[in-house]
Structures are given as structure tokens and as C-alpha cells.
């Protein structure tokens, strides 16, 4: 029976298409046997579909109980929009802030998070001077080319090397962090919905204590902005944690703002160039567009301004006009 | 950095006698200049003070008082402006409804928790609304203070 009703949907569909017409027909004359059958079948199908839907919902509740799905906690609190200066159309990164942000990354975040897509050379000129970058690179050791015996020795880093990662691999990182992997931060601003706003909110949004009744899993910390609200990263930024060389007061929000802007730079170092190029493109194309409009009007002027006149022959006049 | 600065920068960069510094300037020279400037300052200060002693003294006293206050503030623990503004915002009229709901929820849930069955709800949603309101209200103020 079920199989047969499954085979039939084509016919049922065809009759449904005619349904509206048939109903009006039936209103006109009550003596049509075959057309009265189809609405009945339709009603049965609708009732069956409703029963199946209600049944599956009931079955779900029977299996999983009164589960809380699609709660705001699951989604996480959407970050507030902050008026970032560097995100404005005509503004660039603030390189003093980038320098402070890099300091925060190096002194705080780099013990857990890698920044593996950023080489020392890209820091030159935007964050550090050549000498500072070289000195920083030389603090770390990297694998050298194989020597005569084919052994790989260590050499001090140089500008072409990439920033070192805190852990040799993901497993080591998980092992050191209670099973949670601190993600690479190179592209973090692009990788999260909300970008800078999200990261700033995440870093500054740890409440003193979770709201009443909130469930926080073992080894997790309550953060409203993290989807699910339980994050494996504890609050890391506290007032006065770093000492800025330009003597900016190192409050939590100041450090979070700086490191977020730095991470934006890490994810999108080409932003300043991109905006300048965009400006050039807009200026040049708008000039070219204006010129093309003018040229078009100029070239079409004779065609657009001509006048076609139909001069009908006068009544009774046989002679064709010359 | 105004428009005029941009033009003077461009002109400076284009002049043949200008020097482009790719490296940090040498350490020694900066030390010398700072020493010089501090000397100059110390030299000029007594002169200025001698000119108008009475008025200067009054002004100085006020300045000193202000300085003392500033120092005290610095000695105290750093205050995160975000927390200050958000606290203000939480208690403002704007966020009163959200705060009211949150406080009520906390009361209800803590009361339920102390009883046998425990609470079968949490205040996460109310907390979200309150935080959302407070951060949105504090955001422009905060970013006008931060560097």
C-alpha cells in the first residue's frame, strides 16, 4: 500500500494541479463522481504528512528529551561593532599600535599560539626596523642546510625565516593545553565571523563570574562571545601585563585593541596598498566613464538630433513632389 | 597628520639633498640631543620664574597639586576604561530593562538552586542582552579613550 502510494505521486500531483478547477466545477454541479475522489485523496495525504511530521517530532523528544537546541548560548553573543580607525576607507594601520600589538603577541600569546605565516622580513618597515628584526630572528635557531656528512645543524634565524611556533606539532599543542588546540593566529581575523570585533570582544569579554545557572564544562572558561560559551582559553590579558615602550597605559582593553589590530595586519598586510589601489581604480574609472559618456554623446549627436518628417501628398494632388 | 603635512612630506622626499633613513637613527645622537634639551630646559626655567615671581608661584602650586594627584592615580592600580564605561552603561537608563531582567533572573535562579530540585534554567540569555546593551553603549566612548 505504501509502495503503491509512493509510485503514484505523479498522478496525485496531476490531480492536485486540476484540483482548483475541479472544486469550482463541483460548486457548479454536484454530480461528478470521479472528480469528488481526488480532493478526498488529497485530504488523506495531507493528514498523513501531518501525522508523520508530528510523529517524528514526538519521537525526537522521546529520544532526546526536552533538548535546548538553537539557544543563544549555542550561537554565542554577537560581538559589538567597534569604531576601528584602521577599518575606515581612507585610513591605514596605525603602525605605533601594530608595534604595541606585536609586543603583546610576543609576550603573551606566543607561548600558546603560533603565527606561522608571518616571516621576520614582513615585520621590517611596518613594525620593526631592519636591525631589530634581525636581532629578533637571531634569537631563535632554525634548521640549516645539510652539512658534508648530511647532518642538519642549527643556525641562527635570518630575515627570511618565519616566526617560530611554540609547539612542534598539533598533538604537542593539544597535550599542553588540556586537549584544546590553540589555533594559529595568522589568519584569525579573516577566519572568524566578526573579525576584529570578535577577537577584541573575546579577549576582553570574560566576566568575573559566569551568570547564574550557566553550565561551564571541566577545563573550560565562560566567555559569552565564544559559540557554546565554554572556551578552553582562560582570560590572558590583565591590566599592566606588559610594559609598553611608548608608555601607553597597558590596560586590558588597550592591549586587546593593539593585539587585535596587529592580528588584522598579520592576516591582511596588504590592506593599506589595497585601499590605495581601490582609490586609484575608483578615480581613474570614474574619469574614464565620464569621458566615454561625453564621447558617446558627441559621436551620436548628429543621429540623435536629426528629424525625420513625413510629408504626405496633398489630397487630389497627383504630381509627385520633387 | 593633515593634508599640508602630506605635501611637505612629498616635497621633502623629492628634494635631492634629503636623506632617507631605513635604519633606526644611531643611539648616541639621540642621547646627546636629549641631554642638550634638558640642559636648555633647566637653563630657561629659572629665568622664566624670575620674571613674574608672584603669579608663577601660584600657578606652580596649582601645578604641583595636579601633578601629585596624577602621580597618585598612576600609583593606584590601572583602571580599565572598558570596565568603567560598561559599568556606567549597565546602570544607565538605556540598559535598565535588560539589567532588570538579568537581576530578576539571577534572584530566581539562585533561589531555585538553594532548594532541592535545583534550577532548571540559566541566565545566559538575560546576561547576553545586558552585555550587548552595555558594550554597544560603551563602544564609542571606549575607543575615543584608547590609543
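Cβ from N, Cα, C; glycine included.
A quick note: this is a predicted structure, and the numbers were derived from the prediction, not measured.
Sequence annotations record features per position, and here TrEMBL assigns compositional bias 'Acidic residues' to B:29-41, B:49-78. Per TrEMBL, the feature compositional bias 'Basic and acidic residues' maps to B:79-94. What TrEMBL records for B:80-147 is domain 'Ubiquinol-cytochrome C reductase hinge'. Look at TrEMBL and you will find B:1-94 tagged as region 'Disordered'.
Residues 130, 133-135, 137-138, 141-142, 145-146 of the same chain, all 6+ positions outside the compositional bias 'Basic and acidic residues' (B:79-94), place their C-beta atoms under 8 angstroms from a C-beta of that stretch. Across the domain 'Ubiquinol-cytochrome C reductase hinge' (B:80-147), mean pLDDT in this model comes to 93. For the domain 'Ubiquinol-cytochrome C reductase hinge' (B:80-147), the number of residues in each DSSP class (helix H, G, I; strand E, B; coil) is 51 helix, 0 strand, 17 coil.
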